[in-house]
Amino acid sequence: MGQFLNLTVLVTVLVLTTVGTAYSGSFNEEFDLTWGEHRGKIFGGGKMLSLSLDRVSGSGFKSKKEYLFGRIDMQLKLVAGNSAGTVTAYYLSSEGPTHDEIDFEFLGNETGKPYVLHTNVFAQGKGNREQQFYLWFDPTKNFHTYSLVWRPQHIIFMVDNVPIRVFNNAEQLGVPFPKKQPMRIYSSLWNADDWATRGGLVKTDWSKAPFIAYYRGFNAAACTVSSGSSFCDPKFRSTFADGESQVPNELNAYGRRRLRWVQKYFMIYDYCSDLKRFPQGFPPECRRSRV
């Protein structure tokens, strides 16, 4: 209850006073297709969405609501076959030059080779906090759930309810943390063959187009912000049972073991271990990057 009260105090300080709502809804109700013309589609009575990419354009969507803390779940089935050069991005972001952002980016690859899951956190316009992973399954065969758990204490990236990364609030070390700017959910499918696959060595094979990614199972147990008003869904706290303990700012023992398993066997890049990039010393938040 204390965590919910802390959130209530915080949004009150931000002068967010009246109510909105946050719940699992249809894509028609929750999202707008924002670019790509006919390449984005909502179907199945609003329960499914697809984005496509061809030689002319990619496509994208964004949420109608803005969020300030919560857990965001989305099920994705990524571009199958030869997806080299393509990027499917799924992220939270505010707007402006000092924006905050929390990223999942799925970097396509040649047929039979694994996707790279790229993660990043921006605070007040500063990013460069990348961690990258392979997945322990083929993300093109079935839908899998990708979750962002965003709290004042930390951000947890989860795949099928398995924590893969924790970014802790290190404001006491002078590191900005995203906690004041409401963010929308965005997703896009686009061509990035200048960098996405092996640093741009492998180009998009347009003979395989259109490339298609599918979405379903959106759920937000979160605080929403709209026109200066806010409401924190009571489900915000109850949805953390499988990954976390009753201590609001910590993973439980099982969650920590799963996190270490992913980082030991599937992490392929961590900016907090890149000595060539930071010869004068790692960023201060790296002191708290481990759980």
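Using N, Cα and C of the backbone, Cβ positions are placed for all residues, glycine too.
Just so you know, TrEMBL annotations are computer predictions that nobody has curated.
Quantities reported herein were computed from a predicted structural model and do not represent experimental measurements.
Here is what TrEMBL says about this protein:
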| type | residues | note |
| --- | --- | --- |
| SIGNAL | 1-22 | signal peptide |
| DOMAIN | 21-215 | domain 'GH16' |
| ACT_SITE | GLU101 | active site, nucleophile |
| ACT_SITE | GLU105 | active site, proton donor |
| CARBOHYD | ASN109 | N-linked glycosylation site |
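Around the Cβ of GLU101 (active site, nucleophile), 18 further Cβ atoms fall within 10 Å across all displayed protein chains. Under a cutoff of 8 A between CB atoms, and with a sequence separation of 6+ in the same chain, the neighbours of the residue listed as 'active site, proton donor' are VAL87, THR88, ALA89, TYR90, TYR91, LEU117, HIS118, THR119, ASN120. For ASN109 (N-linked glycosylation site), the same-chain residues lying six or more positions away in sequence with a CB closer than 8 A to its CB are SER83, ALA84, TYR115, VAL116, THR197, VAL202. Within the model, the domain 'GH16' (21-215) carries an average pLDDT of 95.
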